[in-house]
Structure formats: structure tokens, C-alpha cells
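**Student:** Please see the structure below; I have some questions.
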Amino acid sequence: MIIRSPEPEVKIVVDRDPIKTSFEAWARPGHFSRTIAKGPDTTTWIWNLHADAHDFDSHTSDLEEISRKVFSAHFGQLSIIFLWLSGMYFHGARFSNYEAWLSDPTHIRPSAQVVWPIVGQEILNGDVGGGFRGIQITSGFFQIWRASGITSELQLYCTAIGALVFAALMLFAGWFHYHKAAPKLAWFQDVESMLNHHLAGLLGLGSLSWAGHQIHVSLPINQFLDAGVDPKEIPLPHEFILNRDLLAQLYPSFAEGATPFFTLNWSKYAEFLTFRGGLDPITGGLWLSDIAHHHLAIAILFLIAGHMYRTNWGIGHGLKDILEAHKGPFTGQGHKGLYEILTTSWHAQLALNLAMLGSLTIVVAHHMYSMPPYPYLATDYGTQLSLFTHHMWIGGFLIVGAAAHAAIFMVRDYDPTTRYNDLLDRVLRHRDAIISHLNWACIFLGFHSFGLYIHNDTMSALGRPQDMFSDTAIQLQPIFAQWVQNTHALAPVATAPGATTGTSLAWGGGELVAVGGKVALLPIPLGTADFLVHHIHAFTIHVTVLILLKGVLFARSSRLIPDKANLGFRFPCDGPGRGGTCQVSAWDHVFLGLFWMYNSISVVIFHFSWKMQSDVWGSISDQGVVTHITGGNFAQSSITINGWLRDFLWAQASQVIQSYGSSLSAYGLFFLGAHFVWAFSLMFLFSGRGYWQELIESIVWAHNKLKVAPATQPRALSIVQGRAVGVTHYLLGGIATTWAFFLARIIAVG
């Protein structure tokens, strides 16, 4: 038994009026840095200003002040998010065909952007059905609005105004908690209280209120919409909330109120809290009653979780105790010291959060198509493709960000004198073994995955199809993936006796779901083609991890540069006279990691786009015959590199290349322009700084001759600045090219 002295009561502490509100600093660019505040001598000044403006660590070493700045900045971020959301809702209210779409979501396509005729751009306003002309949107907002029970554009206006009010409130909060009542450091470090409030408040009460909204507002309104009732005839949300009889007409058990809850007769509520599984055949989305049930269950879990941590009352878990008890037989001190790291280094904390949030975002991408949550989402192929692509990119960026901040933690916040024989120290001590093994795995995966394709290209070129790896010749079936699919398809009767259908139709087993003559989802077959491309996924992901992990583990020191920590997070080379030491900073690893992240995600979204068009998406005839968009060509075409180039990139680019003169022509222009942005990046990535400095000198000479030379000396970009500009344009150009290619294609054929 552990006997503890009574814990001191947690006091909520703030400093009153710590920093005077003043706009004077705004008039002094770079006021946060003594060097930058002096003003520009050379053009490098503007780059340093942007690089350091939000690097709060470089402004002060006072952790409390840094914490307050970060906290305040978060409110600013939330304000921008509310402003953006308000804009989305305002467009839905002012420029959209939402009410028309609501009346016929299978034939009318969503649009919430109408182009003004200035020099002929009105060609972009395509006919989306129902007599409306505008740009087809693929964000999924219409589907979310229908699911949440919004039936008129007036409601969208009101929500837009509400979001503006919240944006203003967030701006105020950011000012208030920095200038008027700024929390002390102890408040930011009180993890138990933070966990309780975030778990019970944000996630618990948040889910509970959403479940309440879904039960009292969404479910009845969607019942009426599904039955074909005119949206204008449906009672308004507050009528359902205030008038129980209205709900009781749809769900008789509502008449009994909360009695079944308190008498533990919960099965009464099974009318609107269901456990069906599968998709609603009318809308092609998950059953709304399943979703409400899910949020209620999640709310209860998080409300319990939000009461688990020890604060003012001496009961519950302490994070420090949990971490320090975390010792294995082979892990030395285990997690001892991790608590101190995570409460004093916000970079370490952020790295963990970004890694988890990035992984979660990628999980979301995969669930949006396999378990489409909103009505009429599954048959809106443009939106499905956009949501998958968007969440994959975001997840990739967040994971690279995790490595970036882990490396910054290693350089700025890691104290090797206090860390001995804990898990982090042990990982660092055998980093050579980790990195060399990971490198071997990358080489193995690269040669073998690519080698299978090269073999197929060669056999195909030599006219020997019988010697190729394919479903019709030498089969390489993904037996483990098929086993996972099959296990889940059989679950409803076996391991999940309460469920009537599997979690996702993609597992197999069920009949396909079609809405309005279009396939929503069907069992997705996996074969040799998927086996091949999945090993390319394994390869690209492992290389990305290799680069990023090497950057973190060698951020402070390496055999090549033992004193790397003294050089900082980003530096070009280890000074003159030391050749071969460029591109070794932790920043450079993030820079290189971004390119491989881009490789990884590109292959994933290409695979998804082609696989869905080939094997899932398509139309269904009255006789039940399914015609897929690309007629099932994935299995035979994607097993060679040539097939990817010819039958995916080239064949499916025809829509964007031929879009001129049509309502899709903006995508054609973006396709061209984004290629240009991408190519522009190469000028920065393949350039020598000296080349540009020489050029600048002669241009300055000409300006001096004409007596028009500026006072600020022009300088070529530093090596790091050039790389930053290069990778930004590379990713921006590449992503925008893909976006134009995907959307022109899927809007034309989907």
C-alpha cells in the first residue's frame, strides 16, 4: 500500500494584465528579435522575418511566456477556422442549389459557387441539373447538411452568422488570455485536469450533444426526407425539440420519455438507437440511427474516461505514476522522465499529437468510402475521390510535421545529462542498428516490389503473358488481406452475434448497394494487382520513415558531425573546410522526407482512384447488370508500369486535356499552371547559390550605372531558403496537378 501525503489543492492561477495591449509593436517589423528589429540591410532580412515570426522559442527562453503565446495563437487559429466555416455556410445559403439538391439528390449535383461573367468565365457555370448553373463542388457539405437536418437556405444563413459570432469570440479569447488574464505555467502543466476536461468536456459532452441533436433533430427530419416529403412541409428543428408528440408519431417510445432509461428498460429505445450495420439502401450512407447510437456510446465512454485522473480529490490516476510504472524486463528505466519531457517540451508533446492525428486522418480517409457516413455521399463519386485524397494528403503532412517537431525537441529541449537508461536514451544508443536495419528493409522492399513490375513489363514486351504475375497466369494472391476481408464478412453471425450486417460492404459477403442506378458500394475484390501495388505502398512508407527517423535519431550528433546539436535545427553545412557535410541538419531530413511523403501518398491516391473506377463505381441496369467506369481493367492493366502510364495516367488525363471550351476548362488551366509551378520548383532545387549571386552582382552593377540601386542589398537565397521555396512549389504544383487531373476526370465520367 502506498501512503501519500495529502496532495496540495490545485489552484487555478492567472496573472492579471501581464502585457499591455498596444499596437506599437505592429509598426516595428521583427520586434521580437534584436537583430531583425534593426531593419533590412540585405534582402535576407525578409526571409528571416518570416522564418522567425512564429518561432516563439527564439523570442524568449521563458517557458511560461512561450506557452501563453502558443495558447493565444490557438484561439487565433480557431477564429480563422470559424471564419472559413462561416464562408462555406454562407456560400451554401447565397450561391448554392442546396434546396433543389435536397429535393432530388440522385439527379441534381451539388453546386455552391457561381462565377461572375467578366471576360467569359461564365462558361465554368455548368448545368448541374434542376435548372441551376454553377461549379460542381466536391467537399461533401451538402451531404453533411442533409444528415444534420438542415432543410433550408435560411438555416444556412443563420449558421453562417453564428460562426462569425464564434470567430469574434475566439479572437477576443486570444487577446483576453494573453493581455488580461494569462494562465501561469502550472496551469499548462496540469495534465490530469487537462485530460479530465478534454475527455469529459470536449469528447464526452461534445459527443453526447451531437447524439442528442441526431436523435431529436436529424433522425425525424431525415425520416421525412427519405419518405419524399417536401422540405418546406417538414417541421422545423425546434418544433421536434419542444413538441414530444411530433417525435412520438415517428418513434412511439418517445411518448414514454425518460422512464425506460431510469427503469433500465433500454430496449424500448431500439427504434432510434439501432445496431444494424451496413448501409441504408435509400441513401447509400450508414444508418443514421446507428450513428446516433455510436455517438451516445462514445459519449458514455469519454465521460467515464474524463473522471479517471487525480486532481483536487485524492483519487484517480496520476500520469507521472503511470509512466514511471511502465518498465519492462529489457527496457531499463522504462518511461521514467517522460513526464518531465512532455510537460516542459511542447515540441515533444506536439510531435506525439501530430503523429497520432496524422494516422487518425488517414484512418478517416479509408472509412469515408468503406463506411460512407452521410446520405448520398457514396454515389457522389467526385466527393468520394476528393475526401479520400484530401484526408490522405493532410495525414501525410501531419506525420512529417511529427518528425519535424520531434527533431526540434531533440535539438532544443533534450537534456542528455538528466536522461540515462530510459527508453529514449536506449533507442538513441542503438540508433545505428535501427537505421541500418530499416535501410535494409527499404532496399529489400524497393527491389522486390519494383522488380515484380519490371518482370511483368519485360514479359509483356516479349509477348509472354503466360509468364507474367497476374490473376490469369502466375498468381500472387494477397491471401492475408483476403483472410481479413473474409473474417469481417463472416463476423455478423459468428463473432458479432448482435449485428445484422458487417461493418462495411467492402469486406464482402453482402449484396451491392445501389442508389438511383449508381453503385454506392459493393464487396471489393483483391487480387495480384493489389498485392503488387501494396508492396509499393510498403516500400514508399518505409523510405519516408527511414528519412524522418534518421533525422530525429541523429538530430543532436552523428559520427560525421558529433557536435551537431550546437549547429541548431537547420544549417546548410558544417562550415568551410569540411566537405560532404551538407544536407545533414534535422531540417534537411524533414525537407527530404516531404518528397517521399509525396511519393507515398501519390501512389495511394492513384491506386484508390483507379481501383474504385475499375471495380466499384459505375451504373447498374434494370436487369441488375453493373457497368464499371473503366470496365474492371485494374486487375490486368495495373500489373505493369506501362499499364499505369497508358491506362491510368494517359487514358484518364484525356478529360482534363480536352477540357478547353467546356465548363471543366478551369481544370485544364490548373493542370497546365500547376505543372508550371512544379517545374518552377526544380529551378530552386537544382541550383547553386553562387550562380545566382553572380547574376545578382551584374544586375546590381547595371542598377548602379543607372543610379537606381536600392539601399537594401539584394542577396541570393541561402541554401536552406532555396530548398524551402523549392519543396513548397514542388508539393503545391504536384498536388494541384493531381487535383485538376482527378476532378476533371471524375466530374466528366462520374
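Numbering starts at 1 and runs along the chain as it is shown here.
Glycine residues also receive a Cβ, built from the backbone N, Cα and C atoms like all the rest.
From a predicted model like this one, the values you see are computed outputs, not experimental measurements.
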**Student:** If you look at how Swiss-Prot annotates this chain, which of 95-119, 195-219, 220-244, 495-519 comes out as transmembrane segment?
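**Tutor:** Transmembrane segment, as annotated by Swiss-Prot, spans 195-219.
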**Student:** Please report the three-state DSSP label of C573 ([4Fe-4S] cluster binding site).
**Tutor:** coil
**Student:** On the three-state reduction of DSSP, what should I expect for M683 (chlorophyll a binding site)?
**Tutor:** helix
**Student:** Counting Cβ pairs under 8 Å that sit 6 or more residues apart, are there three or more between the transmembrane segment (531-549) and the transmembrane segment (385-411)?
**Tutor:** yes
**Student:** When you measure from the Cβ of M683 (chlorophyll a binding site), which residues in the chain that are at least 6 apart have a Cβ under 8 Å away?
**Tutor:** G726
**Student:** Among all chains shown, work out which of the binding-site residues C573, C582 has the most CB atoms within 10 A of its CB.
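**Tutor:** Selected residue: C573.
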**Student:** Tell me if the transmembrane segment (385-411) touches the transmembrane segment (724-744). I count contact as 3 or more CB pairs below 8 A, with pairs 6 or more residues apart.
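**Tutor:** With 3 or more qualifying Cβ pairs, these stretches touch.
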**Student:** About how far apart, in whole Å, are the alpha carbons (Cα) of H675 (chlorophyll a' binding site) and W692 (phylloquinone binding site)?
**Tutor:** 24
**Student:** Measuring Cα to Cα, tell me the gap between Y691 (chlorophyll a binding site) and C582 ([4Fe-4S] cluster binding site) in whole angstrom.
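**Tutor:** With distance taken Cα to Cα, C582 ([4Fe-4S] cluster binding site) is 18 Å from Y691 (chlorophyll a binding site).
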**Student:** What residues elsewhere in the chain lie close to the transmembrane segment (589-610), defined as a C-beta under 8 angstroms and at least 6 residues from its ends?
**Tutor:** 369, 385, 388-389, 392-393, 396-397, 399-400, 403-404, 407, 533, 536-537, 540-541, 543-544, 547-548, 550-552, 583, 630, 634, 638, 644, 648, 652, 723-724, 727, 730-731, 734, 738, 742, 746
**Student:** Count the CB pairs under 8 A between the transmembrane segment (70-93) and each of 156-179, 346-369, 385-411, then give me the winner.
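**Tutor:** Per the Cβ under 8 Å count, 156-179.
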